[in-house]
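Colleague: Here it is, the structure in full.
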Amino acid sequence: ARMGLPALALLLAAGLLHTQASPSARSFQLDYERNCFLKDGAPFRYISGSIHYARVPRPAWRDRLLKMYMSGLNTVQVYVPWNYHETLPGVYDFTGNRDVEAFLDLTAELGLLVILRPGPYICAEWEMGGLPAWLLWKQPDIKLRTSNPAYLAAVDSWLHILLPKIKPRLYQQGGNIISVQVENEYGSYYACDYGYLRHLLGSFRALLGSEVLLFTTDSTGVEELRCGTLQGLYATIDFGPGSNVTEAFGAQRRVEPKGPLVNSEYYTGWLDYWGEAHASTSAAWVARGLEDMLQLGASINMQVVSWQRAQPPGEYMFHGGTNFAYWSGADYKDQYKPVTTSYDYDAPLSEAGDPTEKLFAIRTIISKFQPLPVGPMPPATPKYAYGRVALQKYADLLDVLDMLCPSGPIQSQFPLTFEALKQVHGFVVYHTQLPWDVPDPATLGAPPHSICDRGYVMLQKEYQGTLERDGQTTLQVTGRAEDTLDILLENMGRISFGANTSDFKGLLGNLSLNSRPLSNWLIYPLAIDTAVQQGWPHTALPKSSSGGRMGPAFYTGTFDTPGIAWDTFVKFPGWSKGLLWINGFNLGRYWTRRGPQQTLFVPGSVLHVGHPNNITVLELEGAPLTPVLLFLDKPLYNRTLGYST
């Protein structure tokens, strides 16, 4: 199975939580004689749940972790997404929501142990599996997750920044991190490069010391366990409800004849893709599988699921959270499959952090094997339906390029990729002119696999339609010589699993008109978030704009809260596809035409009390005749109209 950022990690080995020893005696080890973990010399099992701090607003960290603790978990599993912290080569961000040290310190304060999964690759349905996109522009032919020198140099530089922050928090150093994963489900990657794994093992040992328990995680297939394991790294497996527990652990025993049985990713739910039904997993099914493993004395990590095979396990979340902004990744299963903004995953704790029936079923099973913490489960967070908010059109996107690309366009004979432009996320406009009169419909087309990922086509600033990766790649157009042709290209998230993690974005090939290539492009890399975070367009002068509803355009509005700032959900009645910002915070993509997700989660911490909340919407295809948003007190997930729309 592959990794996901939000997960319910149940690592259960034989034994119970032991009273904490003095720092000098602290140890966390493997016992190959009794087939268990030893914590401070005593047999121990952990029941762990996955949570991704990058998908949870920092003000909610304590609430989510406390609910996990009160569920009976004694451990949490945590991914560290490299690209979330090293945003550009050598530029690091560990502030605000990216303050991983503060998150780890909070887990310790609440009495939770930690299983850390620092990558460098994490999957997690996260943009490019946590690898930075700038790796692709530094060396376009780079071989990711291998012994490629350019890749290893970047990895080493990152690990020398990250792991020194981790070392003082190791259990042996007086902290609460009991084990650290090296790479992630590497056996599912095509390269099978043992030199790469040996290099990582050496780096982790050099930076973390010889005592910390290092491990790998792979699915139960023979090939996966052959390529994903290495002497010096304890091999664990992952599988979900419905698997034959004895057979699954038999696969682990083939590579680890002795030691604790460990399911590092027990799947408690499933991920959603745009255009497919909202996934769900039976609470009874999950609880039954959990009980079977606990009866064997296994260690378990509970997570939500996603995977690349016909019968996938996958991501493993106790609490999934939200893919805010542009952080959602994608899979490639015969076609490109972008992941939804919601990372709810039908996890035991909902996207908004609310306890579910599944959580209480799991809690009941855990209570059969170890005492639960004393006290009530914290309640669901309060929600508020702020109601209907009217918006007005501010401007068509093509009319504000000077604001969104203040440095001006780049001239190029042929299109350039996002990576060539050093554009990580978001959007790029490609502008040219028709080279001749086109009185009769002509085919505007792109080579196969060259639209990455969606292109919104405007002729003379009039919206013509959309070109899509693994979908429609031609449009019929008419016009006159020198008519303007603009294509707004959207990055929907880089592939996060498999051999295709070198997922370049933009126009990867030239557009043609009746098979004749177009040339002389002006290319505008857009910095929309920078402008919105600075208050635009609410602080800008009113813009005269067409009254048309079709094509990429910005809409604005404001609303007041009635003295409270509670969590809420935004519905987009009649809207098509786009992004939403409130008070400059990018809440992610909506795609009501395709579904299944119909609402976006708005954390109360984003909202203002006492002065207006600014709404900015970028609608990409077509706004409703009356542009309004509806603020609800519950989410709407399961509505899918599919690829035909």
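In case you wondered, yes, glycine gets a Cβ from its N, Cα and C as well.
From TrEMBL, for reference:
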ACT_SITE  E185  active site, proton donor
ACT_SITE  E265  active site, nucleophile
DOMAIN    37-368  domain 'Glycoside hydrolase 35 catalytic'
DOMAIN    415-526  domain 'Beta-galactosidase 1-like first all-beta'
DOMAIN    552-610  domain 'Beta-galactosidase galactose-binding'
SIGNAL    1-21  signal peptide
Colleague: List nothing but the one residue from E185, E265 whose Cβ has the fewest other Cβ atoms within 10 Å; the candidates are the active-site residues.
Modeller: E185
Colleague: Given E265 (active site, nucleophile) and the residue listed as 'active site, proton donor', what distance in Å do their CA atoms have, once rounded to a whole number?
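Modeller: Spelling it out, the Cα of E265 (active site, nucleophile) and the Cα of the residue listed as 'active site, proton donor' are 11 Å apart.
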Colleague: Find the average pLDDT over the domain 'Glycoside hydrolase 35 catalytic' (37-368) in the predicted model and report it.
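Modeller: In the predicted model, the domain 'Glycoside hydrolase 35 catalytic' (37-368) has a mean pLDDT of 92.
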Colleague: By DSSP assignment, list the helix, strand and coil residue numbers for the domain 'Beta-galactosidase galactose-binding' (552-610), in that order.
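Modeller: Across the domain 'Beta-galactosidase galactose-binding' (552-610), DSSP assigns the residues as follows: 3 helix, 27 strand, 29 coil.
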Colleague: According to DSSP, how is the domain 'Beta-galactosidase 1-like first all-beta' (415-526) divided among helix, strand and coil residues?
Modeller: 0 helix, 56 strand, 56 coil
